[in-house]
Every structure is written in C-alpha cells, then in structure tokens.
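Everything below concerns the one structure shown next.
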Amino acid sequence: MDQDQDIDPNHRHKWLNYSESSLCSSTPSEIESSHTTPTYETLDWDGPNDPRNPYNWSGRKKWATATLPLLGTFALTLNSTAHTIAAREISADFNVLDTPDFTNTYWTVFSWSIGGAVFALFLPLLEDFGVRRPYMLFYVLFFAMVIAQALAQNFATLVVTRFIGGGCVAVLANTIVSMIPDLWATAEYTSSPVGLYILLYVAGNTSGPVLFAPVMQYIGDWRWIFYIQLIVYGAMGPLYQFLLPETRGHILLGYEAKRIRKETGKPVFTAQQRDALPIRRRLLESVTRPLYLLGTQPVLLACAVWSAFAFGLVFAFTQSTEQVFRELYGWTSYQCAYVQAAIVIGEILAWPVTRYGSHLYFKSAKRNREHPGEPIPEARLYISVFGSFLGITAGMFVYAWTSYPFLPWYAPAIGLAMVGFGIQIVVCVIADYVVDLYAASGYTGSAIAAVVAVEQSVAAALPLAQASMYTNLGFQWASSLLGFIGFLLGFIPLVFIWQGKNLRAKSPLLMGSGGHSVGTKS
C-alpha cells in the first residue's frame, strides 16, 4: 500500500493536446457550440508517477486520509439506533401510544432508514462532485438535523428530522467507502480498508444502544443521547474541514485545469468536464439506474435481498432484545441495551474470517479458466455459506430456543453473538461480490446504490413487525421464523457458487466480470 504499487493501466495519465484558443473562460460545451472543431486542451496526469495522483501518495498518507473518515463512519451510524433505548421515555414525552402489537416510537427508526434508502439513489450523481464538497455539505446538514432531534418539541419533528438525518448518513458513509478506490488502484490493496469500513459501518449501527445505555441509566433524559452526539459530531467537524483532502482524481485535475485557465488564458479542461452530460440527464440516470438494475438483474436483486435481511436484523434486535430480556429476566431498558454488545462482539470476531475470505478469493486466480490469472468472483462467497448457516440461521435458533426464564441470560446472548458474526460476513461478502460483478461494465456505483437502498428499506420495515411477531408468535417461534428465512436465503451463495459462471453469462453487464479490478463508479 505504498507509492510503488502497480497502477491500473486505466489510470495511467498523460497530456492530450488540442489546438489552443483564447477562450479561457468558456466551458467545453460553449466552445463546441461556437466552433466546428473543439479547440481546447484536455488535461490529464503528467505520466503514471505524477505525485499529485492519489494513487501515488505514500501508504502513510493514504491511511492518514482514510482513517478519520472510517472512524467517522462508526460515529455517524450511532445516530441510527442510539435513541431506541429511550423508546418508552420518548413515547411518554410526546404522548405516543404504543400497543402490545406495535411500538409507534419505532417510526423514528423507520424514517431514518427510509431516508437512507431514498438518498442512496443519488450516490452515483454525487460522485461527479468529488469527496470533500459533498461530504462537508451533508455533514453540516446532518449536524443541523441532530440539533433538531435534540430540541424536538413534538414527535412529527423527530420523525422528519431523522428522515433527513438518515439520508445524510447514507451519503456520508458511502462517500467514505468511495474514497478507497480513489486511493488504492486494485482489489488486493482495497480489500483491507473496505473490510474495515464495513465492520465499522455495521458495528456503528449495532452499538448505538450499547454505548448510550449509560445515559438512561445515570441521567435518565433521552435528549442527552442527542446532546452527547452533538458534542462528538461538533468536535469532528473541524477535523474534517482541515484534514479531509479531496481524493477524486478528476476533481483534482479539474482544480488544476481551472488554475491554468485563470493564469494562462488557455481553454484547458479535464476529460470528465469535456464529456460531462447535462445535470438533468445525470440526475435522472442516478435515480433510475439502480432501480433498473434491480428490476433487470436477478443476481443483483438476490444479493440485495440477502444482504438486506442480514443488515435488517441489526435494527430488528433493537426491538426484540428488549421484549425478550425484559419479560424473561425483568431487566430495564438500559440493561437490555447492554446485552446487544453480544452482537457487536460477534461482528468483531467475524473480521478475521472476512480477511481469510479475501485470501481464498485471490488464491482462486490459479484455477480460473474463464479469465486466467484473475480471481473467480464466486470465490468471494465461500465464507458466506459458513456465515449464513452457522452464523445467522443457527444463531437465530439458539436465540429462539434459549429464550426461557429458567435458562441464564447468556444463553440467548450467545445466539445474538452468532447472528452478529453471520451479519458481518454476509454484508461484507455481498459488497465485495457486487463490486466484482459490475466493475467491468462500469455500473459499480449504481449497483451498490441499489443494494444500499434495499438494505435500508428492510432495515426500516423489519423493526416495525417485531413487536407483533414476538407478541403473537411467542419468543421461540418469532425468532425461529427469522431463522427459517435466513436458512432459505443461505442457499443464494450456494446457487451462485454452483451456477455463477452461467448466470453471469446471461447478462451483458456481467459478461466481463471475473477479474479483480476496482472498476469505474457510476
């Protein structure tokens, strides 16, 4: 991960010269409209070793650039579930009536996740604007929404501001993961930071109730959950402002082109500026392409549903653990929140397993007959079989059938840890697999946006059904139902491992997959 690593040929740069013109203030489209032949220069990197290219930054600088946003991903996602430990107090303050079959307070979780699903559709468009500017814009908006959540005087305000806040976090978190292929050119180098990002993303969503349980235990005011977040996010803001550089290559070149136009009068533009589509068309494609892919790509749809169920369990447990442990052991809300640490422990234990899965993936290149020397995409899925059946499915059944008052509390907690273990593996594997599938076609960004949208939609809906399920079916059969769903979805990787090559051959967008290039993002 240093500056001596091999650079992808697609990212080797040079000057492409066109005839000069004095129209330094014009855009490429304006120049083309006034001349039969474009008369401008296209700016590119000054050779493959240009030190301005983020691929050529030192390993230390790359990790220094990525570390702060990665830690921020964990902190930002705490906002998703932290307040769930105060559901009863929020209901009392806003006179929101819950029933045994439905917890109305969880509309705040629903709105947060739905916001993430909606905003995720705009991710491909935002990549055209780089990393730094969108990140700072949405960070300020998110901070304003947390202020509104802390000061909300009615339940509707809380629901609406959490919709916008959840959308902002979806953009912020996925902007950070899009930085990684800006810094490292190949999957061998992106594997570690991407895996770390997914761990922090999933663990952040899971850890909210655990880390903020002391607020309800020692302070007892739910607003302090948001006040503390404001302190953390307020301290992080200046760090991002002064320490987060732009990492997107074409944006850095755009800054340089602007400087040259200003200083020399030459009409110099980047290739992206030269070939840019109208903003209205880009907006339409950004929103519709992920939905189009979901409707026309069965492999992507299956991956999205599989990953969404796993991710949705994180939010489902914020509801079910309180029901189970409160009734079985007479625990308070904050005690029920502490037990969710078992899920986080399982996710952390899955980290080295995902690293081993990457080793198996790169090792598969030796037996790839379709694209000799390149890893087999389905090799990503080997460890997911273990995570699906022995993690999610077995864990849900352990959680189900140890939910009796005569058994110690740590028995169902072990089931929670097993499920957390499986969640981390499945979400990580799906992200890597989807990138591999769509890298060659250039639709990686849209495919990932589609997966994120489905994940957030399921995360929104699943907690709303938990109270009714666990009340009407009982603890054992409600958890078992989720276990059976996990069992059925666990066959998805088996089918892909068995028929992956044939399934990829049926889609023009997947026919070029089979390598390990990071690919373009659109």
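Even glycines carry a Cβ here, placed using N, Cα and C.
Please treat TrEMBL annotations as automatic predictions, because they have not gone through curation.
Annotation source TrEMBL lists compositional bias 'Low complexity' at 23-37. Annotation source TrEMBL lists region 'Disordered' at 23-47. Annotation source TrEMBL lists transmembrane segment at 63-86, 106-126, 138-157, 163-184, 196-218, 224-243, 291-317, 337-358, 379-401, 413-435, 447-465, 477-498. What TrEMBL records for 65-501 is domain 'Major facilitator superfamily (MFS) profile'.
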Model confidence over the domain 'Major facilitator superfamily (MFS) profile' (65-501), averaged pLDDT:
91
Looking at the stretches 106-126, 224-243, 291-317, 379-401, 447-465, which one shares the most CB pairs under 8 Å with the transmembrane segment (477-498)?
379-401
Taking contact to mean three or more C-beta pairs under 8 angstroms, with sequence separation of 6 or more, is the transmembrane segment (63-86) in contact with the transmembrane segment (163-184)?
yes
Assess whether the transmembrane segment (106-126) lies in contact with the transmembrane segment (163-184), where contact requires at least three Cβ pairs under 8 Å among residues 6 or more apart in sequence.
yes
Can you work out which residues elsewhere in the same chain, 6+ from the ends of the transmembrane segment (337-358), have a Cβ less than 8 Å from its Cβ atoms?
84-85, 191-192, 195-196, 198-199, 202-203, 206-207, 209-210, 212-213, 216, 314, 317-318, 321-322, 325, 331, 380, 382-384, 386-387, 391, 395, 409, 413-414, 416-425, 428-429, 432
With Cβ distances under 8 Å as the criterion, find the stretch in 379-401, 413-435, 447-465 that has the most pairs with the transmembrane segment (291-317).
447-465
Under 8 Å, at least 3 Cβ pairs, sequence separation 6 or more: does that hold for the transmembrane segment (447-465) versus the transmembrane segment (196-218)?
no
